[in-house]
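**Q** First the structure, then my questions, so here it is.
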Amino acid sequence: MGTPLPPQPRVRLDQVVGQTDFTQVPRFAGPTTFASLPRPHETGDLDVAVVGVPFDAGVSYRPGARFGPQHIRIASRLLRPYNPEADAWPFLGQQVVDLGDITAHPYDIPAAITSIEQGARSVLERADKVLVLGGDHTIALPVLRALHARHGPISVLHFDAHLDTWDTYFNTPYLHGTPFRRAGEEGLLDREGCMHVGIRGGLYGPGDMDHDRALGFAPVRCEEIEDIGVRGTVERMRARLGERPVYVSVDIDVLDPAFAPGTGTPESGGLTARELLMLLRATSGLNVVGADIVEVAPAYDHAEITGVAAAHVGYELLSAWAPKIDPSRAPGSTRGA
């Protein structure tokens with residue numbers, strides 16, 4: 001056998017192992033993990049697990065979200081260790097590890113949901129929080145099952161163009177438009193603390209909103225955000241969610257197609273990337289127990305616009321979860337790309 005490759009040089013702070021040290025390794029080199037974070041064998045205990053779920057059998061229109069996890073990982077290579085907008089070190093204030101992907105049956109949706117739930121439970125035995133890279137929105141249901149087993153009823157903060165509380169589609173109960181309907185029926189949701197942000201576009205009828213409200217969701221539509229702004233939306237989020245355990249679910253189609261063309265069911269008139277990142281930054285201080293980023297379909301992306309947006313969504317979520325670091329202990333700055 002040949003000589004094994006040397007280990008990746010990494011940025012470290014005390015016992016925390018961070019990103020690849022990009023002063024020694026180019027950003028386009030090395031293993032493709034989220035933000036070039038370590039793999040499990042490189043660390044001890046972990047606080048946050050990043051895990052992919054390359055599954056898209058639940059899509060109703062354009063397929064391809066199965067390739068989302070890897071697309072997001074590739075686009076995340078440019079993420080740097082310090083987030084000045086949040087004054088956070090997302091990869092050094094906590095131990096974050098990319099655990100790879102949960103394997104799911106590509107054709108049998110119920111079987112896939114079972115394996116994703118089992119995988120998520122296994123991840124949560126090792127980590128306090130999980131960031132899931134999808135995959136289509138069907139994956140939210142099994143992840144919520146795993147989180148409910150640990151935390152009890154969960155509040156969902158749902159960023160999406162669509163409600164995803166429909167009942168069935170072509171008599172199929174499990175697909176990307178139904179995860180929160182099933183979650184509500186299974187008793188997984190805290191019905192006093194769920195909300196949608198960024199909802200827009202057509203519905204099948206007024207009854208869609210009635211069913212949605214019955215599940216405990218309070219919507220903030222895109223046109224309302226235009227009126228009340230990011231600050232007003234944040235105030236509603238904090239008032240609604242309080243100290244409840246929160247699952248943040250980000251369907252990338254919450255963004256206007258100008259900012260996220262690479263998705264399966266685009267809707268015009270969405271949020272800007274800046275608005276979404278500011279809203280996610282405001283989740284700092286909430287009791288967030290997990291999150292997902294779903295519906296990234298790279299076949300419809302160009303210039304990595306959607307992949308970069310999704311990578312920065314993950315960056316803001318991890319920044320919001322990171323404990324503050326004493327400035328005297330923070331790594332020094334290094335010039336370069």
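Indices start at 1 and increase along the chain as displayed.
Glycine is treated like the rest: Cβ placed from N, Cα and C.
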**Q** From His137, His148, His151, grab the residue that TrEMBL records in the same Mn(2+) site as Asp160, His162, Asp164, Asp251, Asp253.
**A** His137
**Q** Which three-state DSSP class does Asp251 (Mn(2+) binding site) fall into?
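**A** Asp251 (Mn(2+) binding site) sits in a strand per DSSP.
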**Q** Inside 8 A of the center formed by the CB atoms of His137, Asp160, His162, Asp164, Asp251, Asp253, which other residues of the chain have their CB, for the recorded Mn(2+) site?
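**A** Leaving out the recorded residues gives His158, Ala161, Leu163, His176, Gly177, Val254, Thr265, Val294, Glu295.
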**Q** Other than its own, how many Cβ atoms are within 10 Å of the Cβ belonging to His137 (Mn(2+) binding site)?
**A** 30
